[in-house]
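**Q** Okay, handing you the structure first.
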Amino acid sequence: MYRMNSTNPPASPALGLVLATVSVGFVVTQLDVTIVNIALPGIGANLHADVAGLQWVVDAYTLAFAVLMLSAGALGDRFGARRMYAAGIALFALASAACGLALDAPMLIAARALQGVGAAAMLPNSLALLNRAYGHDPRLRARAVGLWTAAGAISIAAGPVAGGLLIAAFGWRSIFLVNLPICAAGLVATWLWVPRDEGTGNVQAGDGKAGMAEAGADDRAGAGTAVGTLSAIGSSQAATGIARKAAITKHTAPPTTAGAKSRGIDLGGQCLAIVALTAFVAAVIEWRPLGLAHPFVAGGFVLALLAASAFIVVESRIASPMLPLSLFRKRTFSAAVLFGICVNLTYYGMVFVLSLYLQRVRGYTPLQAGLAFLPLTGGFLVSNVASGWAVGRFGVRVPMIVGAVIAAFGYGLLHRVDAATPLIGLLLPFLLIPSGMGLAVPAMTTAVLASTEAKRAGTASAVLNTARQAGGAVGVAAFGALAGGSAAEQIVSGMQTATAISAGLLLLGVGLGCLVRPQPHASAESSKADSRTTAVEADRTRMESR
């Protein structure tokens, strides 16, 4: 018989240990998105890599991370989230060691791709484990996911600063080797404190140790992939929204047994996605040094187009697609996903170019360059807090539009920077860009979740994150190609062109924000969710009394 306790047990130290353990994976994966940028000039000098090679050092990780994210959640559903999370940590640690010991650029690029595979295995399943551990109490789960999100947001924002400090003390290889003790601690903690998987990733209802019963295959997939939106630039408000949706779905849907069929793996779609995105990024990286007419570049663009077309055909015809195209029928969802691509494309690309500018043009040491990024870190943290208030006060559309305008203005100011610009001239754009993005992104996340039904919230958020990571990879490829070359004039000219493109894309984001449907204020939604949860709890209590 399906029974649950009528009262929720208080948080225990064991639950706190689960939260700390799954946060380890989120921290290292997000840290490695940005920490490597500060090391690029040193890597190039030591391993004799040109700008195209440095682009691959960044994009090999981001590409693998992006294209495997959706399938990794499905693998966690099939083989168990704990197993996949532990395997991801182990692979990430081995790949980090290979990065730190790399003797040449190709070896480093290959190791970075393996890091991305490990990151993709960790991230979807870390939230699934958190969701399972706190499944008995929606409010505790909302709080836990908020803390998990904050850890990831801080780590990605602090990446350049941490990289500068490590390189100054131990050299560029230390930014990879520092992952080893962190991952070792994460593996031990997973073994000791994270409950074992039940069956094939499903758990029996009412098992306080194992977690909660999910409402069908889509909801199990949602638990594994809901991580999507929360990575990169996090929001505890968005995390709370995910937890509330999951809580309502869990309580209102009929329970399933451990023998329920898990979501299948879309192998054809996965392979086509890898080919399409990799071919496109490779062509973008190489078009500047080789020329657009070169067979490698022209062939890459053609292959990307053919693979993308085949991907759309496959995804529209199979029963369990990796990317449910029906999600894009909703205007708000499509606009928010395109908005996320614009944000990540501009930010990832500009961090790459700015790292070259600060060290190769201005002559900064890695430590000085890392400290120069401090305003970016502070801007993100402050504006993320402000975004929660803004969404609650104005809904999602206003923060998205205002944030995009602020960031576009910051990129416009950065467009005027050259080799002779004093450091103080960088301060205002370095504050405005993250402030605008930090204001807009949590609202964008909320818009995506609000535009989909609860049982598809996890899939929708994973699609958003995959699109954002893919946008980041394209940004590094495109902006790196513009700023390619060793001469300071080439870097400055490329940076100015990149900032103009970034401002234009963020203004496009303003238009996309206008297409987003105004959502009810967060306070109203929270009250409605609380009322529904309270009603469910009352029904459960009456059932228990019978």
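Backbone N, Cα and C define each Cβ position, glycine as well.
Nobody curates TrEMBL annotations by hand; they come from automatic prediction.
Checked TrEMBL, it gives:
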| type | residues | note |
| --- | --- | --- |
| DOMAIN | 18-521 | domain 'Major facilitator superfamily (MFS) profile' |
| TRANSMEM | 53-72 | transmembrane segment |
| TRANSMEM | 84-103 | transmembrane segment |
| TRANSMEM | 142-169 | transmembrane segment |
| TRANSMEM | 175-194 | transmembrane segment |
| TRANSMEM | 271-290 | transmembrane segment |
| TRANSMEM | 296-314 | transmembrane segment |
| TRANSMEM | 335-358 | transmembrane segment |
| TRANSMEM | 364-382 | transmembrane segment |
| TRANSMEM | 394-414 | transmembrane segment |
| TRANSMEM | 426-449 | transmembrane segment |
| TRANSMEM | 470-488 | transmembrane segment |
| TRANSMEM | 494-516 | transmembrane segment |
| REGION | 521-546 | region 'Disordered' |
| COMPBIAS | 527-546 | compositional bias 'Basic and acidic residues' |
**Q** Below 8 angstroms Cβ to Cβ, which residues of this chain, lying six or more residues outside the transmembrane segment (53-72), approach it?
**A** 29, 32-33, 36-37, 40, 43-44, 47, 84, 88, 105, 108-110, 112-117, 119-121, 123-125, 224-225, 228, 265-266, 270, 273-274, 277-278, 281, 285, 322-323, 348, 352, 462-463, 465-466, 469-470, 472-473, 476-477, 480-481
**Q** Is it true that the transmembrane segment (271-290) and the transmembrane segment (296-314) have 3 or more CB pairs under 8 Å, sequence gap of 6 or more?
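**A** Checked: the transmembrane segment (271-290) vs the transmembrane segment (296-314), in contact.
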**Q** Sort out the residues at least 6 away from either end of the transmembrane segment (296-314), same chain, that have Cβ-Cβ distances under 8 Å to it, and list them.
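**A** Hits for the transmembrane segment (296-314): 266, 268-269, 272-273, 275-277, 279-280, 282-283, 286-287, 290, 321, 323, 325.
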**Q** Report yes or no: does the transmembrane segment (335-358) come within contact of the transmembrane segment (84-103), defined as 3 or more CB pairs under 8 Å with a sequence separation of 6 or more?
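**A** In this chain the transmembrane segment (335-358) does not contact the transmembrane segment (84-103) - fewer than 3 Cβ pairs sit under 8 Å.
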